[in-house]
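In what follows, a single structure is set out as structure tokens and then discussed.
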Amino acid sequence: MTKKVYHQYWFWYLAAFVVFLLDQGSKHWIEAAFDYNETKVFTSFFNFTLRYNPGAAFSFLADAGGWQRWFFTIVAVAASVLLIVWICRVASSKPREAFALSFILGGAVGNLYDRIIHGHVVDFIVVHYQDYYWPAFNLADAAISLGAMVLIADLFINPDKTSGEKPTNA
């Protein structure tokens with residue numbers, strides 16, 4: 001592995017670490033500044049409300065009895081290892097993909113940390129329209145979503161040139 005490639009994938013790992021730090025810093029701040037379920041309204045469609053989510057996205061399995069903490073921990077660890085390897089493989093050749101993966105990795109590790117340390121994920125960002133409220137989320141969730149959107153957009157912007165080719169027999 002060349003020195004240039006080595007530095008490129010470490011750049012993306014550093015980006016993931018920055019996402020993790022921003023996520024954890026925001027969660028630390030919200031827990032210090034707010035009581036549970038306390039709301040601060042910023043606009044007619046955006047507010048902060050401190051909430052705890054023992055489940056996954058959209059509180060999936062939040063009331064499952066406790067086993068979900070370790071199940072989602074194992075899933076997050078496996079996904080993080082996969083993302084670390086994937087970033088290493090694409091760091092020098094696909095920077096947009098590496099960017100997306102680093103945001104997903106940083107967000108995944110941020111929520112993983114919460115789940116291991118607190119037994120739940122700290123959520124606080126609430127977006128709504130009139131009486132319809134999107135489930136509360138955090139910066140880690142936003143980073144994961146942004147990374148996923150960039151990956152999907154990249155599929156359309158740069159389709160794999162080999163996807164339409166038939167494999168050749170050697």
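The backbone N, Cα and C atoms fix where each Cβ goes, and this holds for glycine too.
Taken from Swiss-Prot as is:
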TRANSMEM  5-25  transmembrane segment
TRANSMEM  70-90  transmembrane segment
TRANSMEM  98-118  transmembrane segment
ACT_SITE  ASP123  active site
TRANSMEM  137-157  transmembrane segment
ACT_SITE  ASP141  active site
Looking at the active-site residues ASP123, ASP141, which one has the fewest other Cβ atoms within 10 Å of its own Cβ?
ASP141
Residues from the same chain, set at least six apart from the ends of the transmembrane segment (70-90), whose C-beta lies under 8 A from its own:
9, 12-13, 16, 55-56, 61, 97-98, 101-102, 104-105, 108-109, 111-112, 115-116
Remote residues contacting the transmembrane segment (5-25) - C-beta distance under 8 A, at least 6 residues beyond either end:
84, 87-88, 91-92, 98-99, 101-103, 105-107, 109-111, 113, 138-140, 143
Reduced to three states, what secondary structure does DSSP give ASP123 (active site)?
strand
Nearest-integer angstrom distance between the alpha carbons (Cα) of ASP123 (active site) and ASP141 (active site):
9
